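Database features, via TrEMBL:
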- B:Cys78, B:Cys83, B:Cys119, B:Cys123: [2Fe-2S] cluster binding site (BINDING)
Amino acid sequence: MTKTLKRLDLIFKNEGDSEAILEKTLSRNNEDIISDLIASGLKGRGGAGFPTGLKWRLTGEVEADQKYVICNADEGEPGTFKDREILSSVPHKVLTGMAVCGRIIGATKGFIYLRNEYKFLVPKLRTALDDFHLIMDKLNLDFRVDIFMGSGAYICGEESALFESMEGKRGEPRNKPPYPTNYGYNGKPTVINNVETLAHTYSIFKYGAEKFRDLGVKDSRGSKVFSVSGDTPIPGIYELEFGMTLQRFVDDFGDGDAKAVQVGGAAGFCVPRKRFEKTIIGYQGKLTGVSLPTGGSMMIFNSSRSMYNVLHNYLEFFVEESCGQCTPCRVGTQQLLMGVEAVKRGDKSSDYLNKLLELSEIMRQTAKCGLGQSVANSFSSIVENFKEEMIY
Amino acid sequence: MPESQSIVHKAATKRGRKRQSLLPILQDIYEHKHVIDEEDMVEVARELDISAAHVYGTATFYSFLETRQSGQFIIRLCKTITCMMHGKNLILQELERILKIKPGQTTPDGLFTLKEANCLGQCHKGPAMLVNDTPHTELTPEKIRDIIDGYRREALKL
Ligand SMILES: Cc1cc2nc3c(=O)[nH]c(=O)nc-3n(C[C@H](O)[C@H](O)[C@H](O)COP(=O)(O)O)c2cc1C
Ligand code: SF4
């Protein structure tokens, strides 16, 4: 009998104390707050896992007449829906994080970039913003947050594409460097953080760095909000400690017949049953030699599912959502899709899968942004682990 | 002032005449007319003093902006894997049956446009769809009939 995983309640607990927490935090100096964030071990929850305190410090150090704080609420990764829940139930935590960040880096303007699929949240968010701006006035803080609506493009979750989109352009990623810390929205230094990352800063302000650091394992500190879907009797949003094995996760959330879990969405990795025990959920978790994406999308597939259908679905997604700017990704995604279809039909021999694997590796190395680079994650982990299903 | 010109003018006045306002302006136009046509784009370009090609490039990039006339109610049915696993195809068949259209088409009365969409962020409650901005989740064929009926009544102001 395995013990069930501890469910945490830091993010969603609402004690109506945001004004007090904000006041308490702002009474400390910038360097102390940043040191706390760094000591807490908090890393970005949007995918790249960059240390949050360091991001704020770097942006603070750049001289500029204008800077911005942006909350990334584009949440387009298939299988994630936790940012929606955070924004609808505890928006004040996200806003508090943004205000503190604004004071630290010297920004007076913030934005929430909200995906159009979540437009129904706007009335609620506006109420939260009104309350927030009253607190800003009361505390004499010059910081205002607006909502910027996306218009249905997964790629706009990529930070530089998001800036382009806000500037009225096609959502096409920029070359990096320069990074947002120096050159973000309107070419100004910008902190861009995921919704959940900002909500975690609130927990750190409130409970202290120690308490956050005590959760999780080395290199993966704190709690993480997971979006659980697929073949599970209990789909939903769960806050769990970092560092569990995938086996423990499946024991709790699977339907008893899980054959694979897709961790991190279409851009993430597929882990087959035989590797559940060895796979650790956290930044240092080794999955096909690459650290685990941290978006928190967990899609469970049981033995009745065709992994060919799963891969086909992801590839269609990438073909549609590729911005088309660079050739490896624009052409590569289409070739991968046509390629697996041809093998399935029998028009190409099974050896052709190896060619496709090579192509996905080339995309990892040559595509301009994370979208094209990460297609190989799901492609190779599904094709290599479920080869028969691709062929027959 | 022709109607479309006045909508563009109003949107530009409200959002500000700068490039950073382009997406909000296009969104406003789309919300009003359920289409952004070439005339609108030329007009937006004039208001913002940028090239019409830039407006066109931006307007055609985003899946929630349409350059073809859509119906009063735009149905976006999620086709991502978890919704598929929970019976999205049955829902699609039911929608096609009662609306008598295929994805990408609009009913002749101009009420409904049917589209398939990527992940709507409702995976724990699939199958899911958006009708304009409103999510509908845990869909079944019976539920679909009620939902469509409800929107028909709304359109007829019953
Ligand atoms: C294709 C692509 C899509 C992305 N989508 C999102 C998203 O929807 N939300 C998000 O927070 N980050 C997304 N990211 C990551 C962002 O570029 C960025 O790293 C993140 O917002 C930084 O915030 P964090 O440090 O708090 O994680 C995406 C990245 C790529 C390459
Ligand atoms: S990798 Fe894909 S999404 Fe990224 S810039 Fe290239 S074409 Fe666009």
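Just so you know, glycine gets a Cβ as well, placed from its N, Cα and C.
With a 10 A radius on its CB, B:Cys123 ([2Fe-2S] cluster binding site) counts 30 other CB atoms from all the protein chains. Note: B:Cys119 ([2Fe-2S] cluster binding site) has non-local neighbours B:Cys78, B:Thr80, i.e. same-chain residues 6+ apart with C-beta under 8 A of its own C-beta. Taking a C-beta cut-off of under 8 angstroms and a sequence separation of 6 or more, B:Cys83 ([2Fe-2S] cluster binding site) has the following same-chain neighbours: B:Leu77, B:Gln122, B:Cys123, B:Gly126, B:Pro127, B:Ala128. There are 29 other Cβ atoms within 10 Å of the Cβ belonging to B:Cys78 ([2Fe-2S] cluster binding site). In the three-state DSSP scheme, B:Cys119 ([2Fe-2S] cluster binding site) is classed as coil.
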